[in-house]
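Let me begin by presenting the structure, written as structure tokens, before commenting on it.
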Amino acid sequence: MEASNQSAVTEFVLLGLSAHPKLEKTFFVLILSMYLVILLGNGVLILVTILDFRLHMPMYFFLGNLSFLDICYTTSSVPLVLDGFLTPRKTISFSGCAMQMFLSFAMGATECVLLGMMAFDRYVAICNPLRYPVVMSKAAYVPMAVSSWAAGGVNSLVQISLAVQLPFCGDNVINHFTCEILAILKLACTDISINVISMGVANVIFLGVPVLFIFVSYIFILTTILKIPSAEGRKKAFSTCSAHLTVVVIFYGTILFMYGKPKSKDPLGADKQDVSDKLTSLFYGVVTPMLNPIIYSLRNKDVKTAVKTLVSQKCFAQ
């Protein structure tokens, strides 16, 4: 960004729930509690996938990556949100805002790709079980995970680089809890069509393509499961992918709820909806990462057993 633009805006003001101070203390306790659950739940999942040799498989390697990603994603924004609930004037530097945008955007894009990779893993395991050790060897699934992180990082770098080069001519109030990129683009005093097009292309690549890939994968998976003659065999096969399918439905279902609902045309209604949108976005950022370890612990027998073993070992050690 040019020097004149940098001198115009050196920091941003985050509105958050400034208009509703009575709610801030309540949401501080609620979000902090959820954040601690995220750190504990995903931390335990990472530990069991590393320490339990029975979980040294591609499926659980991806799960460990997903848990680490959820910790990174929430840590990139939740501490800022919590600080905002307690600070009368909620400000963040221009560079700090750019870094926070980069991290949250990168983690979101990476999760989309990673969920697609996990769907492919389940497809091979169910539809081509004899070839599974060859197709999903360590030489394959490690680069798959690395490419997910790399793709998310590159996409975020492109989007944030385009955003920070825009001129911001004095208006530095972000109507959000964090430096959400769409809220930042609204503050630019120039044409943002390139940014809109770039984000549209990115949405197709990182949202549309993974969703289509997951959908097609599960069509083949369900078709294969229905061909299994015994009910017990069908149940066992479906149980290996039910946790992933549940996470996918929650993840993409929340995104569709956030961006697919109609906007209010009434000014008063729009104001209420604005608060609703911010709260929905906030809870989306913490609820999904909080539910992931719970879902995998409850719906996956191997993970449940590994967690119980880890907890019992800790108890006996004490």
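Here the Cβ of each residue, glycine as well, is placed from N, Cα and C on the backbone.
Not measured: the values here are computed from a predicted model.
According to TrEMBL:
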DOMAIN    41-296  domain 'G-protein coupled receptors family 1 profile'
TRANSMEM  27-48  transmembrane segment
TRANSMEM  60-82  transmembrane segment
TRANSMEM  102-120  transmembrane segment
TRANSMEM  140-158  transmembrane segment
TRANSMEM  204-226  transmembrane segment
TRANSMEM  238-259  transmembrane segment
TRANSMEM  279-298  transmembrane segment
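In this chain, the transmembrane segment (279-298) lies close to the transmembrane segment (27-48): three or more C-beta pairs between them fall below 8 angstroms, excluding pairs fewer than 6 positions apart. Residues 59, 66, 111, 115, 118-119, 122, 125-126, 207, 211, 214, 218, 221, 225, 277, 280-281, 284, 287-288, 291-292, 295-296, 299-301, 303 of the same chain sit 6 or more residues outside the transmembrane segment (238-259) yet have a Cβ under 8 Å from a Cβ within it. Sequence-remote contacts of a segment are chain residues at least 6 beyond its ends whose Cβ falls under 8 Å from one of its Cβ atoms, and for the transmembrane segment (102-120) they are 59, 62-63, 65-66, 69-70, 72-73, 76-77, 141, 144-145, 147-149, 151-153, 155-157, 159-160, 178, 181, 202, 206-207, 209-210, 213-214, 217-218, 244, 247-248, 251, 285.
Below 8 angstroms of C-beta separation, residues 14, 16, 28, 31-32, 35, 38-39, 41-43, 45-46, 49-50, 92, 100, 103-104, 107-108, 110-111, 114-115, 117-118, 121, 141-142, 145, 148-149, 177-178, 247, 282, 285-286, 288-289, 292-293, 296, 302-303 of the same chain, each at least six residues beyond the ends of the transmembrane segment (60-82), sit close to that stretch.
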